[in-house]
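Some notes on the structure that comes next.
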Amino acid sequence: MESYICDIVVILAAMVIALRNLSKSYETAEGRLEVLRGIDLDLGAGDCVALTGESGSGKSTLLHLVAGLDRPDAGEILIGGRDISKLDDRGRAAYRRTEVGLVFQQFNLIPSLDVAANIAFHAKLAGRHDSAWENELVERLGVGTLLTRYPEQLSSGQQQRVAIGRTLAARPGLVLADEPTGNLDEANGDAVLDLMFSLSKGTGSTLLMVTHSHRLADRLDRQIHLRSGKIT
Amino acid sequence: MTISTVAAALLSHWRRQPLQLGALMLGLALATALWSGVQAVNAEARASYARAAAALDQNGLAHLVSPGGRSIPRDAFVRLRRAGWNVSPVLEGEYRFGATRLRVIGIEPLTMPAETRTVDLANAGDLLSFISPPGTMVVSPETAEKIRGQTDLALRVSDRMPDGAAFVDIGLAERLLRRDGELTRIVIAENQRPGLEPLGTFAPALSVREPTAQSDIEHLTESFHLNLTAFGFLAFAVGLFIVYSTIGLAFEQRRPTFRTLRCLGVSLSALAVLLLAELVLFALAAGAAGVIVGYLVASLLLPGVAATLEGLYGASVPGTLSLRPEWWLSGFAIAVAGTLVSSTQSLVRLMRVPLLAAAQPQKWGRSSRTGRRFQALAAAALLGLSGALILWADGLQAGFGVLGCLLLGASLLLPAVLSGFLTLMQRASSGALIMWFWADARQQLPGLSLALMALLLALAANVGVGTMVSSFRLTFVGWLDQRLAAELYVAARNELEADRLRAWLATKVESVLPISSVDTEIRGQPMQIFGVVDDPTYRKHWPLIVGLPDVWDRVASGEGVLVNEQFWRRERLRIGDQLDLASDWKSTVVGAYSDYGNPKGQVIAGIDALTSRYPQVSRLRYGLRVQPDQVADLRSSLSDEFGLPPDNIVDQAALKEQSRRIFDRTFLVTGALNTLTLGVAALAMFLSLLTLTEMRLPQLAPVWAMGVTRRDLAILEILRTLVLWLATFTTALPLGLALAWVLLAVVNVEAFGWRVPMHIFPYEWVRLGLVALAAAVVSMLIPLRRLAGLAPSELLKVFANER
């Protein structure tokens, strides 16, 4: 276990995030809606940060921009000094494949693959497939008996454990989680979060988590609050 | 809450899903169109047979006929008339006017019962010209066009006459057919004087044939119409796949609406009735469109069908279509029935699913494990049944039963076969993306399976029917080479000219092969007896399928006769069987030969044996054997010497070309129906892909989020569709070959009376594969364009928590 952590710390040493004057708006039926208005934010390597705010404050949009899922209207997203907003579709896909791990509220597991294949999927795509590390994750996540099952045969808690396993198996420098416990009850949510924090800390990943819950946000190193597209 | 409010809520779904509504209407309209189009063609042909039978055969009345098909002496008629019987004589046979062969029907207009008179001779002048020499022929306008200039007889055109036949006075018929004093049948009028002595007293050798509802040609062509109906049904079923699939999805997507309506107090029965009414409304609208398109399809198909019927059975069907109320009513009925059949499962599910069950449109189409098992079991049972039918049943109906079970069984088995293949491929893969590719393809399978089943049916029908037609064509061309061995065929215009011709030819050619035949009835069937000379041409070329070693010696000596394959099979004849050819002529069957394209039975006897029984037999036509390089010279010499028109001198190449053209024309309608069925299957595929594209986002978005570009995803989508098409195509090949075998070995033998050996045509598969591939690519274009042009914001919606 120790040796893996050392490897990852080496990989992630440069994973520092800096957002500069970031803006994003969408066309809606009522006209143009400015979701993010000049966001500036710095995250250090290994930081665990909670992103809070009311519905519509722009949390998920900010997360999607940092994940390279979408492009800002203006501003820079510097990941390890490189502006990913300047990358083309292929470049951003490579960034998501190799450097980012995503955990969603809806889990978004691949329904056609069994649990084992789901966990290995992102790591294989990233070219970092490591059976020993996956086995360890499986053991720590407690999904060893579920490996041949398909997502639709799992409970919500089990699905989120598998989703976390999939993310961490790829050993990403940056873990982005969007309401990861939003679909789970409190006990299950806490158990899943404990696991995610522990594994993220262990691997030295930077964690940015969107949550509505102040209780959960209090457990992270830092909180950033968004209101009407601005950090308050 | 009024009914209209609920109906508006239900109908609002279609306003938001115009594509789905279009697919439903299109599928239903196409299914109705192809079915009702084929029915219209069948109805038109059958009506035509009935008209012809009523006009030419007077089949609404009883007849006196000779049991062995022999001629009836005129004396029998005279005796009956003298005894007071209201009867009328008919003499008929075939006569050639130049290149046109006509059925000549000689009637006696003064005694012919009024109810069967096709020829209006009420006017004294008309009657006089009809019965007075040189005589008048009453023919259809088309026939008149064909024989104009080929005869000195006066022509009178009647719209009520079917093509290919001519009414003449019986005296003229006797002269043309050289059957003086002979009758073919005697028509018995309905109105008879009371107290007459029984018919048997005056004509003990004759039997009464009661009026028949079905004419001979109708009986003969029954198998063809059954074939056409089967094809129409196949296209209908393929169209219904679209309807079934669309209705299923629409019901699943509307589940939240159903739930809300029921929570608001709409009863389950009211909801079901409204949905049923909605479906019937759609069915009627689509049915109307289908009937209109069906009429157009029928108009397009009818000339081809007419050509086929003429080529295969000699049946004449006019190439125009009339609108019949029963036809368009049946079109609406089939549209409604098809809709109800396609929606039964969805309606039953609606009635059974608990009120608060969540809708799962993403999971729509995924069959349950039990459902898959049931489907595989049903497939196995159907395939087993088709095998059992092949082994233990016979007859045309059994042949179609085999086809139906085979096609249905195979299409039900297809999802299991494809799923097995995709699982194997997934297990054999190691890369994440490749593994996902196979797993995802397997997951898409249930949603696409109906379209793939439709595709399988269309492709198998194409391979099967294509193999059947091509095998037939290959055999037919080989058979033509054997059968048309003479280099030149010549027809004299009269017996005098024929005598001169024979004398002249004796020194000009290697051999002269007379083509002389009589029409008769053997074992109750209309037959032709041909007379052949003893010539090496026959020994070397004639396409025998079975025969004694010295078969030609026996034919030449008059000891035996040959029969064609259709008569051989129909009568289950064996070598050595005795045939009554005429009242004083019995002969032994010594062999059988293939005789494709001839609906009638045929017998070949020695020319001497034939002419001794039928001294008046026509000797106008001859096949001539000459060196191929002398054909052109001989042709011009014949023309110079006898002044024969070009139609009376036909060389082998021209005759073969003409035969091939007729053959190809014969199967035009099959080709057209094949193309239509494939088109409907491609449409089913297109609509399924389009529908699935709408539901693909939740499956594709996570893969995209993990770093696979939209372009790569689009390429994988193309590959996935192509793999499924290719796997279905590969499955369709053995199924198509099995279909071809059943058509050739079972259905054709029953339908036409001949069996053609099966050949394999891989080139045609490649061609079909390319057409199918093109259809696949076209069906992918729009869904793919949608996917490739998908904005990231659309994909992001999948992950959004605050929507």
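In case you wondered, yes, glycine gets a Cβ from its N, Cα and C as well.
Bear in mind that TrEMBL entries carry predicted annotations, made automatically and left uncurated.
Residues or ranges marked as domain 'ABC3 transporter permease C-terminal' in TrEMBL: B:230-353 (among others).
The transmembrane segment annotation in TrEMBL covers B:230-251 (among others).
Sequence annotations record features per position, and here TrEMBL assigns transmembrane segment to B:263-286 (among others). If one looks beyond the transmembrane segment (B:263-286) by at least 6 residues along the same chain, the residues whose Cβ comes under 8 Å of a Cβ in the stretch are 1, 3, 6-7, 10-11, 24-26, 28-29, 32, 247, 251, 332, 335-336, 338-340, 343, 347, 350-351, 355.
The feature transmembrane segment is assigned by TrEMBL to B:292-315 (among others).
Tertiary proximity for the transmembrane segment (B:327-348) is limited to same-chain residues at least six positions away from its ends with a CB under 8 Å from its CB atoms, namely 28-29, 31-32, 35-36, 39-40, 43, 236, 239-240, 243-244, 247-248, 251, 272, 275-276, 279-280, 282-284, 286-288, 290-291, 294. The annotation transmembrane segment is assigned in TrEMBL to B:327-348 (among others).
Within the chain, the transmembrane segment (B:374-393) has long-range Cβ neighbours (under 8 A, six or more residues past its boundaries) at 367, 401-406, 408-410, 412-413, 415-416, 742, 746. TrEMBL lists B:374-393 (among others) with the feature transmembrane segment.
Marked as transmembrane segment by TrEMBL: B:400-425 (among others).
Here TrEMBL flags B:445-465 (among others) as transmembrane segment.
Annotated domain 'MacB-like periplasmic core' per TrEMBL: B:450-606, in sequence order.
Look at TrEMBL and you will find B:666-690 (among others) tagged as transmembrane segment.
For the domain 'ABC3 transporter permease C-terminal' (B:674-790), the DSSP counts in helix, strand and coil order read 101 helix, 0 strand, 16 coil. For B:674-790 (among others), the entry in TrEMBL reads domain 'ABC3 transporter permease C-terminal'.
As annotated by TrEMBL, transmembrane segment applies to B:722-744 (among others). Listed by sequence, the residues of this chain that lie at least six past the ends of the transmembrane segment (B:722-744) yet keep a Cβ under 8 A from its Cβ atoms are 390, 399, 402-403, 406-407, 410, 414, 417-418, 421, 441, 444-445, 448, 452, 455-456, 459-468, 471-472, 685, 755-758, 760, 765, 769, 772-773, 776.
Beyond the transmembrane segment (B:765-784), the same-chain residues lying 6 or more positions past its ends with a Cβ under 8 Å from any Cβ of the stretch are 455, 459, 462-463, 466, 678-679, 681-683, 685-686, 689-690, 692-693, 714, 717-718, 721-722, 725, 729, 733. Per TrEMBL, the feature transmembrane segment maps to B:765-784 (among others).
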Item checked: the transmembrane segment (B:445-465) versus listed stretches B:230-251, B:400-425, B:666-690: most Cβ pairs under 8 Å -> B:666-690
Checklist line | Contact set, same chain, for the transmembrane segment (B:400-425): CB under 8 Å, 6 or more residues outside the stretch | finding: 226, 230, 234, 367, 372, 375-376, 378-383, 385-386, 389-390, 393, 438-439, 441-442, 445-446, 449, 452-453, 456-457, 460-461, 724, 727-728, 731, 735, 738-739, 742-743, 746-747
Note to self: Per DSSP, what is the helix/strand/coil residue tally across the domain 'ABC3 transporter permease C-terminal' (B:230-353)?
What the structure shows: 107 helix, 0 strand, 17 coil
Checklist line | Long-range environment of the transmembrane segment (B:666-690) - Cβ separation under 8 angstroms, sequence gap at least 6 | finding: 19, 23, 26-27, 30-31, 34, 38, 228, 231-232, 234-235, 238-239, 241-242, 245-246, 297, 300-301, 304-305, 307-308, 311-312, 447-448, 450-452, 454-455, 457-459, 461-462, 465-466, 469, 597, 721, 725, 771-772, 775-776, 778-780, 782-783
